[in-house]
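Asker: Once you've had a glance at the structure underneath, I'll fire off some questions.
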């Protein structure tokens, strides 16, 4: 650059009115060629200024809208993948390490392991291309003290997690609050959990220290599915489940049901069975009655057609009688009528035969 750079600097230090027009044009042309600047025409510059004014007047998005529109995972858990964050969250997110699997840690109680848990673990597994997913599980003593009673014990919950295909490692007796020492001990690169602040006795958000050091990856919750929701469904239909288990032979003491409650549920169960039986029999009886009426009407129509147009060589139409209830009544009536008219004829035949036998003897 040398002398030319010095000349340019000297020119810039001089007042504009002291520089000749030709000299100004030479300077501008020289700087344009050197730095490849694009000089806009006055009209184009005015258009750019108008666009910038429009951008300034347009309402800016709130931080909440920005955080919702930009997430490190996609909406659908099947296509979860890491995305570059053009707009950061309220906390930083570090770049993943290269040349080795990324060790991601996800913790929780995971009681009554359900689809919401599975989708959370799937997001954690797919947040980077190569992830080793570690799942932390607090023991029963810690969980019952800080969160409440669980349906499954810690061994059952750990075994359920081991059968999930997204999980590479289950860490039992995990701490309730993640500390830097814990991250260092297990060489954890990131912690994956939903972004809702999880309060404890000592902190408003137990994941806040992890967020501050850039090791927190937010996942999305599955709405409408939770362990509390499953328990609510069971409690809502409590009597039905108890009656079902009692009918299957489960002891009432195992169900924590008193003798009075058991007798009440037994009575309700018997009433329900009786009602269902009557309903089912009524349905079957109605179905048979409809079939008999249909058969009777079709037989009557056939008889009428045969009487109107008899077949050659047949004096009476042959048709199968009705079946079912009406068929039985019809056959019974036919037997009664035939026996009523046949008895005198049979008696006359017996009397005639006896008289002829007497005449022969004489």
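Just so you know, glycine gets a Cβ as well, placed from its N, Cα and C.
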Asker: Among 58, 319, which is the one flagged in Swiss-Prot as phosphoserine?
Answerer: 319
Asker: From 22, 60, 315, 339, name the one Swiss-Prot lists as phosphoserine.
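Answerer: Cross-referencing 22, 60, 315, 339 with Swiss-Prot, phosphoserine lands on 315.
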Asker: For the feature phosphothreonine in Swiss-Prot, which residue out of 143, 222, 323 does the record point to?
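Answerer: Swiss-Prot annotates phosphothreonine at 323; the rest carry no such entry.
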Asker: Annotation phosphoserine in Swiss-Prot: match it to one of 69, 258, 338, 355, please.
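Answerer: Among 69, 258, 338, 355, the residue Swiss-Prot annotates as phosphoserine is 355.
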Asker: Looking at 88-142, 308-362, which stretch does Swiss-Prot describe as region 'Disordered'?
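Answerer: Checked against Swiss-Prot: region 'Disordered' maps to 308-362.
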Asker: Could you tell me which of these binding-site residues, 109, 112, 115, has the fewest other Cβ atoms within 10 Å of its Cβ?
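Answerer: Result for the binding-site residues 109, 112, 115: minimum number of other Cβ atoms within 10 Å at 115.
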Asker: Sorry to bug you, but what's the C-alpha spacing from residue 176 (substrate binding site) to residue 115 (CTP binding site), rounded to the closest Å?
Answerer: 23
Asker: When DSSP is mapped onto helix/strand/coil, what comes out for residue 112 (CTP binding site)?
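Answerer: DSSP call for residue 112 (CTP binding site): coil, neither helix nor strand.
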